[in-house]
Amino acid sequence: MIIKSIAELERKLVDKTVIVRVDFNIPVIEGKISDYTRIMSSLQTINYLQEQGAKIVLVTHFGRPEGKTDPTLSLAFLVSELTKILKRDVKFSYQHTGHEPKQIIESMKAGDILLLENIRFNKNEELNNKKFALDLASLGDVYVNEAFSCSHRPHASIVGIAAHLPSYAGFLFLNEVKNLTLVVEDVNKQSLAIIGGKKVSTKLHILANLSQKMNKLAIVGAMANTFLKAKGYSIGESFYENELLEEAKNILEKSKAEILLPDDFICISNTVGWKLKNLSSIQPDDKIFDIGPNSAFLICQAIYNSEVVVWNGPLGVFEDKRFAFATDTIARFIGARTQIGAIKSIAGGGDTVSAINNSHLTEYFSYISTAGGAFIELLEGKKLPGLCVLLN
């Protein structure tokens, strides 16, 4: 996979206007930004473009305004924040196309930055309207996608605009693709996927895809209950998806990967409270809340024997410390193996990232994806529209 890189633009951008699609859909609590990660992750690309003498137009969405102007989702508040971070005055346009942004761009100097209003205020963004994409493209000379996290969306600022301008991937985008293709393309390495969470229904396509590509697939969390039930085991009153038993059987039967399922658990019952139990000793009133130490050990063994490990989804109800043992153990073992250079580790998904952060292990993983839906769709084996338009 060869992607057109922003690095190809060196010494070619003086006095050029570059439209950069970023993902500044950041968490804001009581009017204050609670996590700057997405902004900080884009700085390498923004700084590079400034060094190359370009004028920069930033395009992003914020929240879900559904094609209508919503003052509570305006990006005007970001101007002062970006000005502080970039140490340069950031200009703002309430209009996405037409006279207002063009006039501002004409007044800009090399290295100056313009932020457009929330792109999803315009209904044509999510419709990938051709005229809107063309009008947006008319603001600049070059397009850069630095929003891998949005690249599963066939929107005008992700896909449509690329038909009208020379288009390249930013550094964060390239880094995401480089790391995630280890999972979906490199079949020559000993590989393990650890997929957890509550529902099989939310990760059915991931399980189906990775069961054909990985050497080993550990299915954990509450979704493992559906697979255990499909194999005829008793899981007491534990959550499972009855309507997906046949799908689970199908994955088990057709998998090219060795599938690892837990065989001991931390359970809660009405009679004895919480207790460690083997699969064979689960009673009708038991509810599974975490996998047990033996199952965690078997997954650690699989990690030890792997070269590439991808992790998406917790192993138990980790928000409750009583049931965080397995998730924390796996996070620490992956981190330890990564630090000595034994494995390449990739993690993604909101709960997974939270679990890693809770254990203060972020820096111990090779790569932690912030791509959300795009990360999931790549694991599902889907082609991302925003990636396809950047391929050579």
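Each residue, glycine too, has its Cβ placed from N, Cα and C.
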Listed in TrEMBL for the ATP site shared with Lys203, Gly349, Gly350, Asp351, Thr352, one of Glu176, Glu185, Glu319: Glu319
Distance [Cα-Cα, Å, rounded] between Arg64 (substrate binding site) and Arg120 ((2R)-3-phosphoglycerate binding site): 7
Cα-Cα distance, maximum over Asp23, Phe24, Asn25, His61, Phe62, Gly63, Arg64, record's substrate binders, Å: 13
Other CB atoms within 10 A, centred on Arg153 ((2R)-3-phosphoglycerate binding site): 21
Largest tally of Cβ atoms lying within 10 Å of a Cβ, found at which of the binding-site residues Gly63, Gly349, Gly350: Gly349
Cα distance (Å, whole number) from Arg120 ((2R)-3-phosphoglycerate binding site) to Phe62 (substrate binding site): 8
Lowest local Cβ density among Asp23, Asp351, which the record lists as binding-site residues, within 10 Å: Asp351
Whole-number Å value of the largest CA-CA distance among Lys203, Glu319, Gly349, Gly350, Asp351, Thr352, listed as ATP-binding: 20
